[in-house]
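TrEMBL has this to say about the protein:
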type	residues	note
DISULFID	59-123	disulfide bond
DISULFID	72-133	disulfide bond
DISULFID	103-113	disulfide bond
DISULFID	252-262	disulfide bond
DISULFID	337-401	disulfide bond
DISULFID	350-411	disulfide bond
DISULFID	381-391	disulfide bond
DISULFID	498-508	disulfide bond
DOMAIN	33-134	domain 'SRCR'
DOMAIN	160-288	domain 'SRCR'
DOMAIN	312-412	domain 'SRCR'
DOMAIN	422-530	domain 'SRCR'
SIGNAL	1-27	signal peptide
């Protein structure tokens with residue numbers, strides 16, 4: 001009888017062990033979540049967890065809003081809106097990793113919550129949980145990148161390429177047609193053409209930087225394949241009998257940013273010992289390059305594509321095919337809010353601009369904040385649209401978007417081989433040095449230096465972009481302190497003049513026969529590059545609101561006259577009697593780039609002006625001009641940067657530069673430098689100008705003395721009406737605000753600024 005209590009105690013102990021409270025998962029900083037649902041809505045879907053290299057689902061038992069909030073925060077969203085039980089987003093596959101998840105709501109990730117433990121569940125996939133997150137991303141969540149993970153074991157589809165087959169395709173540096181090859185787990189495989197579609201080709205072309213695909217002559221390629229298979233010297237027949245040679249099947253919708261997002265079957269179904277591509281051959285794709293990348297076209301080309309293309313643009317990107325997304329609506333450029341921004345919508349932008357699919361969709365103004373309106377938010381592209389305007393969206397002002405939410409993209413671009421035709425030598429870091437280029441001399445390709453005649457920031461900018469190093473920081477004409485590569489010291493390129501849009505120095509205008517007035521050696525061209533740069537833009541509205549006329553006595557203009565701020569006719573006046581008529585205004589210059597704007601030279605090189613008793617860090621910081629309607633200059637002024645400082649910064653941003661006590665000068669990112677209307681030289685002298693209609697023009701950093709990421713917005717223009725007594729400024733706008741039909745090159749803009757109409 002005494003054995004019964006002992007048996008009962010053992011049974012009770014077993015029941016207690018089986019009904020142990022939920023355990024806390026071992027903290028895994030690498031724990032990954034994903035939402036599987038509609039591609040156009042990245043913030044909602046079935047919740048899946050990656051554990052031991054395999055994706056699995058979460059059971060809906062005990063799952064509620066606080067658990068959804070933790071999951072959404074871990075996924076990079078601000079918070080959760082709701083959750084969905086009973087497999088609303090479809091039944092998943094594989095294990096059900098988590099059950100009875102219980103969170104307080106303050107945890108930073110699900111692995112900090114209580115649960116039954118990994119894989120301990122009594123659920124079926126009909127109970128898979130789904131969540132709906134708020135579309136706004138967290139401030140620290142930077143981007144959505146393409147994932148090349150394939151399958152439950154986390155294997156990788158690393159790269160894709162086209163292997164040219166036709167002799168004509170092999171001669172071109174840019175391969176646009178050939179057999180599709182995929183790098184899988186470190187080895188290149190060919191894709192079987194069975195069930196291969198144009199949608200598959202579209203995804204492959206997008207990964208390679210091409211916006212669209214074209215049909216191929218399958219019959220011709222089949223003939224070539226059959227000839228190779230019959231050739232006794234060819235290894236192709238024996239290779240094709242190995243399943244490791246093939247990717248068995250690919251099925252894409254055409255909207256995917258990466259081949260790994262398609263349904264990919266590497267080998268035939270398990271248990272079936274059959275060949276991976278019976279009777280088939282390699283799949284062939286043909287891609288259509290965008291206008292910038294077509295052979296023989298150095299600049300963006302065809303008129304028929306430009307009008308549509310210019311309704312969207314990229315700004316502030318360090319590389320080709322990246323930047324802040326801006327759209328043209330109501331004749332004004334504005335930004336796109338990152339609420340709901342994802343790779344699908346980013347890919348539509350990339351293809352619209354002539355690039356491939358998007359490799360990264362960036363949030364939180366990672367490539368700089370824009371100015372002006374926020375046109376779009378909650379953009380919901382499905383992937384089939386031709387342009388961003390075809391996608392459903394909301395107005396940016398409807399959900400409280402700020403410019404700190406500006407969306408950006410990084411697109412796939414074709415590999416033109418230009419990066420292998422330029423290099424830097426002798427610098428203290430990989431980002432600086434003497435520019436050496438590879439060109440063809442008497443039928444032989446050779447390396448050599450570039451003559452520094454006419455070498456400026458525009459040319460240096462093209463060189464840095466070609467090198468993949470971003471923006472030009474300095475264009476250097478005297479490089480005696482840098483030793484070039486032995487044997488590459490001879491000048492092979494001279495008279496280089498770039499417009500700024502070229503992809504390589506080899507596309508710029510240059511001399512036929514090389515002619516360099518300085519010769520080689522110390523006067524070879526050099527650069528220093530940077531991945532971030534400032535970007536100055538004038539507050540056009542403030543200029544329009546503050547303009548007025550003043551008749552100022554000559555007795556108060558001695559210092560201004562000394563600094564050449566008056567028209568030449570002032571030299572012949574009877575000083576100090578008389579006056580000058582001045583068009584005065586305030587100017588506010590904003591740095592919307594990603595680096596501080598600093599003077600080109602250090603304070604040891606600044607010039608002291610005794611009359612005004614201040615230093616000029618940049619002798620000509622702005623040009624002020626009054627032009628006739630056909631562009632002829634009738635009056636001019638200029639402003640030296642005697643005080644380049646942070647006059648105003650937004651809340652939470654510390655001022656870094658102040659001119660007092662010979663302080664450091666500059667303009668911090670996100671801050672304004674203001675020149676009030678009542679300081680000397682903040683005017684145009686219009687004493688000699690008659691009544692009429694004019695164009696008032698202001699150009700910041702007119703001589704390109706300091707590098708910027710974008711010079712197209714440095715010019716501001718207003719329509720000006722002067723009746724001899726009063727003046728009106730209206731329709732003031734920066735140079736890049738309204739242009740829809742035409743994009744001026746930097747060369748054209750400089751000619752316009754210098755009145756070479």
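Glycine is no exception: its Cβ is also placed from the backbone N, Cα and C atoms.
Remark: secondary structure over the domain 'SRCR' (33-134) totals 16 helix, 35 strand, 51 coil, with classes taken from DSSP. Separation of the C-alpha atoms of residue 350 (disulfide bond) and residue 498 (disulfide bond): 25 Å, rounded to the nearest whole number. Proximity of residue 262 (disulfide bond) to non-local residues of its own chain (separation of 6 or more, Cβ distance below 8 Å) is seen for 200, 203, 250, 251, 252, 253, 256, given in sequence order. The two recorded residues, residue 103 (disulfide bond) and residue 72 (disulfide bond), show a Cα separation of 13 Å.
Separation of the C-alpha atoms of residue 411 (disulfide bond) and residue 381 (disulfide bond): 16 Å, rounded to the nearest whole number. The local packing around residue 113 (disulfide bond), expressed as other Cβ atoms within 10 Å of its Cβ over all shown chains, amounts to 21. The disulfide-bonded residues recorded for this entry are 72, 113, 133, 508, and the Cα of 113 lies nearest to that of residue 123 (disulfide bond). Here the candidates are the disulfide-bonded residues 72, 113, 381, 498. The one whose C-alpha lies nearest to that of residue 59 (disulfide bond) is 113. Among the disulfide-bonded residues 72, 113, 133, 337, 391, 401, no residue is found with its Cα located within 10 Å of the Cα of residue 498 (disulfide bond).
Put simply, of the disulfide-bonded residues 72, 113, 337, 401, 508, the one whose Cα is nearest the Cα of residue 391 (disulfide bond) is 337. Around the Cβ of residue 401 (disulfide bond), the number of neighbouring Cβ atoms within 10 Å comes to 24. Within the domain 'SRCR' (422-530), the DSSP-based counts of helix, strand and coil residues read 17 helix, 40 strand, 52 coil. In space, 133 is the closest of the disulfide-bonded residues 133, 337, 381, 401, 508 to residue 113 (disulfide bond), judged by Cα positions.
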